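Copied over from TrEMBL, here are the features:
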DOMAIN    5-41  domain 'EF-hand'
DOMAIN    52-87  domain 'EF-hand'
DOMAIN    98-133  domain 'EF-hand'
DOMAIN    145-180  domain 'EF-hand'
DOMAIN    188-224  domain 'EF-hand'
Amino acid sequence: AVSDAMLVELKQCFMEAYDDNQDGKIDIRELAQLLPMEENFLLLFRFDNPLESSVEFMKIWREYDTDGSGYIEADELKNFLRDLLKEAKKINDVSEDKLIEYTDTMLQVFDANKDGRLQLSEMAKLLPVKENFLCRQVFKGATKLTKDDIERVFSLYDRDNNGTIENEELRGFLKDLLELVKKDYDAQDLQDFEETILRGVDYNQDGKINRKELTMILLALAKHNQEEDPSA
């Protein structure tokens, strides 16, 4: 048994050893120091090569959630890590047993609710995106939204330039919106959110978002943020 005093001392020693920027937290780079070399590499490789947008994230999610369960289970995570090692030309150095070991390590690190699989918000921590554009000050009601602002957001999510935000583009946009209000979320939360948003703005009921519909969402977002923070 470890006494409370010993636990406090252990925590203090641990933070002194690994909390390099002394912010009282262990961030991803500090965490990587605790892991053996290959797990360390797998973590940092993704953090040094962030995805351009959440649209790419949702495409990867669909690719690896092969059974469509709305979760990345251990075998699906293993396939993802295998492909990551291939991409970095390190797959030949890793046996199948080692890959299983890495998968277990990544699950231990990112499976916050300890259900043995990764939900959307947990996978989002393993697979970061450069920036959630919707967190910018312009969407917080402090400044007036311009046509250029709306066009920038539209082009960020309309990756195929076909004039509508649909499928993974739509889910990537909604994932970024959902992250503004909910820290932990899964595929069901995203689906419910999609139905709610589309019910509110998709007047032509095509399951897609055009520029006019996106403008309504962004104006509502700015208004909501302003009401929450009247000083903005």
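From the backbone N, Cα and C atoms, a Cβ is placed for every residue, glycine too.
Sequence-distant contacts of the domain 'EF-hand' (188-224) (same chain, at least 6 residues past either end, Cβ-Cβ under 8 Å): 70, 120, 134, 138-141, 145, 149-151, 153-154, 163-166, 170-171, 173-175, 177-178, 180, 182. A mean pLDDT of 90 is what the model gives for the domain 'EF-hand' (98-133). In terms of DSSP helix, strand and coil, the domain 'EF-hand' (145-180) has 24 helix, 1 strand, 11 coil. Per DSSP, the domain 'EF-hand' (52-87) is made up of 25 helix, 2 strand, 9 coil.
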